[in-house]
Every structure is written in structure tokens, then in C-alpha cells.
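Residues or ranges marked as active site, proton acceptor in Swiss-Prot (evidence: sequence analysis): H353. The feature domain 'DUSP 1' is assigned by Swiss-Prot to 460-554. Taken from Swiss-Prot, the feature domain 'DUSP 2' applies to 569-691. Per Swiss-Prot, the feature region 'Disordered' maps to 612-640, 879-919. Under the heading compositional bias 'Polar residues', Swiss-Prot lists 618-629, 907-919. Summarising the annotation, Swiss-Prot assigns phosphoserine to S886, S887, S888 and lists a large-scale study or a structure entry as the type of evidence. Here Swiss-Prot flags 895-906 as compositional bias 'Basic and acidic residues'. The N6-acetyllysine annotation in Swiss-Prot covers K956 and rests on a large-scale study or a structure entry.
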Amino acid sequence: MAPRLQLEKAAWRWAETVRPEEVSQEHIETAYRIWLEPCIRGVCRRNCKGNPNCLVGIGEHIWLGEIDENSFHNIDDPNCERRKKNSFVGLTNLGATCYVNTFLQVWFLNLELRQALYLCPSTCSDYMLGDGIQEEKDYEPQTICEHLQYLFALLQNSNRRYIDPSGFVKALGLDTGQQQDAQEFSKLFMSLLEDTLSKQKNPDVRNIVQQQFCGEYAYVTVCNQCGRESKLLSKFYELELNIQGHKQLTDCISEFLKEEKLEGDNRYFCENCQSKQNATRKIRLLSLPCTLNLQLMRFVFDRQTGHKKKLNTYIGFSEILDMEPYVEHKGGSYVYELSAVLIHRGVSAYSGHYIAHVKDPQSGEWYKFNDEDIEKMEGKKLQLGIEEDLAEPSKSQTRKPKCGKGTHCSRNAYMLVYRLQTQEKPNTTVQVPAFLQELVDRDNSKFEEWCIEMAEMRKQSVDKGKAKHEEVKELYQRLPAGAEPYEFVSLEWLQKWLDESTPTKPIDNHACLCSHDKLHPDKISIMKRISEYAADIFYSRYGGGPRLTVKALCKECVVERCRILRLKNQLNEDYKTVNNLLKAAVKGSDGFWVGKSSLRSWRQLALEQLDEQDGDAEQSNGKMNGSTLNKDESKEERKEEEELNFNEDILCPHGELCISENERRLVSKEAWSKLQQYFPKAPEFPSYKECCSQCKILEREGEENEALHKMIANEQKTSLPNLFQDKNRPCLSNWPEDTDVLYIVSQFFVEEWRKFVRKPTRCSPVSSVGNSALLCPHGGLMFTFASMTKEDSKLIALIWPSEWQMIQKLFVVDHVIKITRIEVGDVNPSETQYISEPKLCPECREGLLCQQQRDLREYTQATIYVHKVVDNKKVMKDSAPELNVSSSETEEDKEEAKPDGEKDPDFNQSNGGTKRQKISHQNYIAYQKQVIRRSMRHRKVRGEKALLVSANQTLKELKIQIMHAFSVAPFDQNLSIDGKILSDDCATLGTLGVIPESVILLKADEPIADYAAMDDVMQVCMPEEGFKGTGLLGH
């Protein structure tokens, strides 16, 4: 099918030869494209919006043919949420609670701990009514033990694939969005659980934590002098093993028990010797628990960065661990079997994911617990290879060592759990108490009800989809109208009818109607012609309206469009005629004045008028029968002229002909008559028409004022030439010898006066000297002699006595300010005094200084500049200028600076394709001071960025801003200002002397190898509170 624009042209081509009064039914049907050939499926790739008979590509392809039932619904099979046979139940990750889920699964598979918790008394009896639980009440555990009871009961007998531990997490007060230290959580929770169970009367419950997890060791110190041995007994629930520098678990245990020498300042005070003596100290394992928890210290404190980091060291460990060589009392049973491996995925200590590999004590099979997902390992062997491959690669990482049979190695394992081997088989009959089982049954009933409800919803969706499938297959074949009676329906409604994701709404054709309540000819591109049979079914099933039959073809709109198109064709011819007439010179007084702007855009204005008559200006879109407008009519010109009608651009404010001949042009009478056909109401100005008399008077007055201003400016410039040119100016610090008196005016007066003298026709004349701004409310001077030679010199201008006499004649002076030099002493005067009139006001001067200092220290949203330095030598020169022995750099330094600047991304700034000249870092501070003197606006240089800061924000917060601007981590930033190093992160910028417009030098350390640490900088810079405020600490 031809493009849409060609179809539109073809539909109205007959209007070129048919007059409006000759329009017939055939012309109307052609305009509505009734008899265009319908498209064939397979030939037409997409729907032709210009052809109302094209019913291809409207969404029918998904309905033709066989359809899978699953496509009729978006509801997952509820059985996917059902627990598989002989599998375990997962736990939902509430955001960042994966570390909690791993420990819950490990503790759940400790059968002795689970059995003991089931024996704890519960408040669940309060919810019991006879033999059942109150249906209208939900059970809410009150204590940590009750939460664990309920969780373990669900993990044991729930029909769900995973359960929600939010009640347990909420009871502990944990932040679900904050990932915490898993090892610290384990310690704190075991302590909390032991304290909670200590109040139980049943000894099997009260002592379960000690029986399962508690061991004992002694700190043994031996005096080298007398040999006396002292012991300090201590209980432990896990052994914290250092892994740095080790490859095997046994090496870590040996280091833990290694003998330590106490010498020098660290000598031991021996009670037997009653003095400090050299000694040895070591740890002796006295007893080991049934469950031995070995914490591998992967997360350590980095002294260089001041933050935690993860050690990605490979550690080898065996499935069978014989602890007999490490305990003091031999002969017992100390052979342990690996039962769990807790894994941390990720290279950073502040992010990552926790999972657990746990051995089922009943079947001896290994399972991987990953929140909701639980995977059974093939066979009965632990498999860690996949977990190790998931870690991010690093250039410095070592190869994974080979492991023998029964051994494993990991760089992500942070805790190993071993179980004491016994001849007795584990208790396989841990029964859920009746009250807990009833709660589980109730939850299972809710789950089954949900499954049934979801299955019913799926069935309803499938049935509805099948019915829709049959409807579409039947009706789509009957949609083409052919020569039979037809109606029009919007393409959008048909597409929604064929869209299974949205419900079908009633047909609404109101947006397609013209002003005569019939089908608008311009809307035919968004309508489709369908058979009357299909339309009857649509309206009977879905309703809506109005129905657009053959009677809805609007003859009035077609006739009007025919008239407009013929006028547009005529406009094309007239446009060429007018252009030719404008080329000829206008003779005599037969011409007419036309605005130049109107002449440039008269055809567009005429088109807009025709489009307004047509009722739809958007359809023309600046085109006429396919021919575009002149490209020289820019958008800016049209925007300025769109508010004016034709020839109104030469009207003055009084409604008469404007006096500026540059804005208008004389055209011939023939050209004007052509233009007047399209703009009969346009203002008409024959060539003999006089310009506006009022505007002429105003123009003469303006010329007289300009002449007067020029005369005044010339007189003042001649009277004060040196003041205007800023030449031969007196200086307080080098008082001229030929005068003892100098006068003062404000620098603001001088600058405004110079503006007027330079451009007297644009600027207003200066009539008075306002020196009151330099005085306090008491009439005293606000500046000292010393300050006027330095920081306040930019506020005042010094005047010679001869110039002052001229200023008094030319201007009105409100206050006279002068400084007089007086020689003190009768003979050989050795001292010179400078006296100001009026005198200095000490109180106001002191107040001004205090206010200036306060403004410098108390600011908000002020601009400072950070300049990144890329050379160690140069930053030392800037920080300590006194070390500079030469003001120029050596050629070697210059050569070294170039590649550094090119490598740094903050220095790769282009300027029109040419390189910008680098400013020497050695002279950078002096350059900035010169810039400040030359201009009040700071001029940024390459490698520098502006930041908005406040005086009360800390240096650490500024470093965060610098990190975002330069991609340099705070711990890699070395900052200095005016040679002073900024190091106190807790100090505010105000106290550090950072004031608005300051320039801070940034030297970045070499980037760290672990780029993932940049992602954790924001978290690193936040104060680490751990489990503060949670139930683990008794809050």
C-alpha cells in the first residue's frame, strides 16, 4: 500500500478540477477512501493507517491458529509455591536479611536445639478454645523462644515452599534494609537465647545452649623465672580463627593455640616473684562442645583505609576434623564431622549475599539454602565449586588449590560448623507439639485455600480466553465489508478488542465526529470500515456509539475542504505572481506600504487563515499539496510575528504609520490588490500617507536629549580626562609629594560616571556624588588609612584637589571626604600623620569588621573551587611555598606534567578542538589572587570544579561531594588550602577557614585495586552502629 501522504493526496486529487458546487456522492466516497483495495495478510507487513479497508496488523496474529492455554492468564501455577516432597522449606529475604536466614536454617537442622525449644512453655494456650484455636484471632508469639518455636514448626511441617520470618526479625528490631555483620549476629543471638532459656525450669531446655555450643579453654601463663603457672578459665561458643597468612584450617587452629612470649614492656607480673618477669602465655582447650563453631575472620579492620575489608584467602578444610591433638585431656572422643558451611558472596565487607550449605543430620545429604530457594546436592558430597566461581575476579587473586578426597577449600566461607561424631544415630523423631502443629495446620489450610482460589482464577481466565479466541476467529473473518453495507469503527478500539491484556470497553466514536455530528474526513486515517454484520455483534456485546453508517459521510465537510484546497492551489499561483511583482520598481505614487516582516510570511499567514476556516489547522502542518514552505522562515521569526496580523508590524503605538522606513517596503498597486484578497481587513497605507505626527514629535525630543547627553559627556570627559582614562591616579601607600590633601569618592560613582561618558545615548547621566555609602550612621568614616591601602581600596577612588574643584562644579556632592597629610615635629620632622575628615568611627568600624568575619564564617550555599593536582612535586610546592627556590619550573617538570594531565579524566576538556594552555600549579595560588583583583568573577581553570557548600558542614561531608565530582574516594583525598593541610574530618568548614570563593587543592592517592570498594564508600562513611537499638542488645 502507498504511504499515508500519497493516499491522502489521491483521495483529494479530484478537488483540483471539481468546483465545490459540483461535488457528488462519488467524490465524497473517494474522499473517505471507501473503495481502496483491502490489504492481504502476508503481503502487508503492518497496518496501513491511511486505508480504512486494511485490517491487517491490528493484533489479530495472536488469535489466528492454536493458542497455548497458559497465554490466557498471568497467574503462576500455585503448586509452584508448594513444598516438594522430602525437601526443606525456605525463608523469605526481607531486603538484606539473608544473613539471618542462613543461621536460622543451621539452627533448625540442629535436632537437639529444635527438640529443646519445642519443650518450652508457650502462651499459645491463651489462644486455645476447647480443642481448637480461635479462628478470629491470629497467633502472635510474645518471646524470642516462641518466635523460634513457631518458625521451626513451619520449617518442619509447612506445605509452603518458603515462609516469611518477618515476625522474628521484627521482634529483634532488625533493620531489614541494612546488611549486618553475620558473625556478630550469631554471637549476640546465642547470648540472648541462652539468657532467655536460663529462666526455664526444665534442665534439658535451660542448659541446651551450653550443652550444644559451649566449650571451655584456659589462658595459661608460665613465669620464666620461677615456673609458676596461672590459669584463667573462660567459656566459648565459637573459636575465632585468624586466616591471614594461612592456607589450612589446622594452621589457623595451631596459631590460635600458639604460645606467646611476654617480654619487654609486655612482661607479666608474677605474684610468686612479686615483680614483672618474662613469661609465656597460650590457650589450652579444656573441653569441646557437641557443635563446634569455627569463625573464620574474613572481615578485618584495615589500618590504611580505616575501614573493614574482606580477606579473599583460600582456606582448606576437611570433612573430618580430629581435635584430639589440640585438647589438654587426651583419650576422649574428639572427632568431628562437618555439618555446615556458611558462605559470603562478594568481594566487599559492606555488601554481598549470604548462603549456607547444611548437611541433613537424618539422611546425610547436603543442601544449599539460598533464602527462598533450596537446592539438594547430587550424591552425598559437599559441592562448593559453583559458589567459588561466583566471586568477582581480581588480578591479585591466587589460583584455587587442589583439594584431596574429603577436603574442600573456599575463599568465601566465613563459618564452619562441625558436629561431634557419635556411635548413636541422631534422633529422627523430633515431634512438633500439638499446639504448634495446630497452628501449622491452620496456616496450611490458608495456603490450600489460596491455592484453590488461584487455580479457580486460572481456570476462569482460561475459559474466558477460549471464548474470546472463538469470538475473534469467527468475527475477524467477517470484518471486511466489501460491497455490502458497512460502518466505521475506530482502529484504537479494534486493537484493544484484540488485546488480551486489557478489558474491552464500549465503542466510543465521539472523538471522530465533525461539527455536523458526522464522521470527520480527516479522522478516516484512524478509522476502519467493517461489515454491518460485525458491527451489529460488536454493539450488541459491548455497546457504545454513535454508529457511523454510510449516512455518516459528511458532504458539508467535503465541500468545504474542496473549497479550501482550491484556494490553496490559487494561493500557490498568487505567491509566484506577488514575488514577480515585488521584483519590479514602484513608479509614481501608486504604491502601498507593507511591513517587511509581513511580506516574508504572508503566505504562511494566509495558510493559517484557510486552516482556521477548515477547522483543523494541524492537518496542514505547514504543507500545501505536498509542497513545503520556504526554509528561510525560521522558527524564531515566526515566534515573534505569530501574534501580529498582516501589515500590523508597521503600526505605531498610536495606530498610525510608523516612522521607521527600515521596517516597511513600497509595493505596487497590483501586488497590494493580490495581498488584499487574502487580508481584506489589513491596515492600508498608500505611499502618500504621512507618518504618525506624535511619533515625529517624540523622535525630535529624543534626538535633542541624545545631543544634550553627548554634549554633557564630552564636557565632563574634557574636564576630567585622567579620571575617565584611569591615568595618573594618586596612591595612599605612595603619597604624592606635590599635595598634602586628597579627596575620596565612592568607586561606584566613578564606574557609573564612566559608563555614561562612554555611552551617553544609552546610559543616564550622573548628577550627584553619593559619599554617604562610605560613612556610618553617625557621620564617621568606616575605613582606616591602612584598610584603604589594602582590602578596602576597591571601594574608594582617590581624587586630586584640581579634580575635586571640577567635580564640585559638575555634580552635587552630599558629603566631602578628604585625607590630609601633616608633618609632626619642629626640627627635622621624622613622623607623618594622615588625618581624615570626617574622622574614623571606631565603634562602627569594629562592627563592620565583626560582620565581615561573621559573613565569612557563617554562610550557606556558597561557592568554593576544588582544583585537582596530578603531580606530587607540585602539590608540595603549593602546600609549602617557602620550599620553592625558583619561580619557574624546569623543562623536565614541564615534560612530566603533560602526560599526567592527559591521563587524568578531569583534565581532558576540549575547547573547540584546540588544547587549552595549562596553568602552572606552582603559580596557581598567585594566579587566583591576580584573577580576583582583575575581576570579581572567579575564572575556572582546567582540573577545577565548583561546589556549593555551607559553613556548618563537616570536612567529611565535603569529601563526599568531592568524591561525586572527581570519582576519588574520601580516604584517597589529600586536601589543602593556602598551604594548610585539611585533615580533621569532624571539623566544620567554617572552623577550618574555608570561606566563599576559596580554592582547595586536591591530591588523589593511587586508586585501590578493589574497584568495588567505591560502591561502598557511602556506606563506609556512615557511622557504623551495628546492632545498636535492636533486641539483641536488650533494647
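Glycine too: its Cβ is placed from the backbone N, Cα and C atoms.
In terms of DSSP helix, strand and coil, the domain 'DUSP 1' (460-554) has 49 helix, 18 strand, 28 coil. Comparing the recorded positions H353, K956 by how many other C-beta atoms lie within 10 angstroms of each C-beta, the top residue is H353.
According to DSSP, K956 (N6-acetyllysine) sits within a helical segment. On the 0 to 100 pLDDT scale, the model's mean across the domain 'DUSP 1' (460-554) is 88.
A strand conformation is recorded for the residue listed as 'active site, proton acceptor' in the three-state DSSP classification.
The two recorded residues, the residue listed as 'N6-acetyllysine' and H353 (active site, proton acceptor), show a Cα separation of 29 Å.
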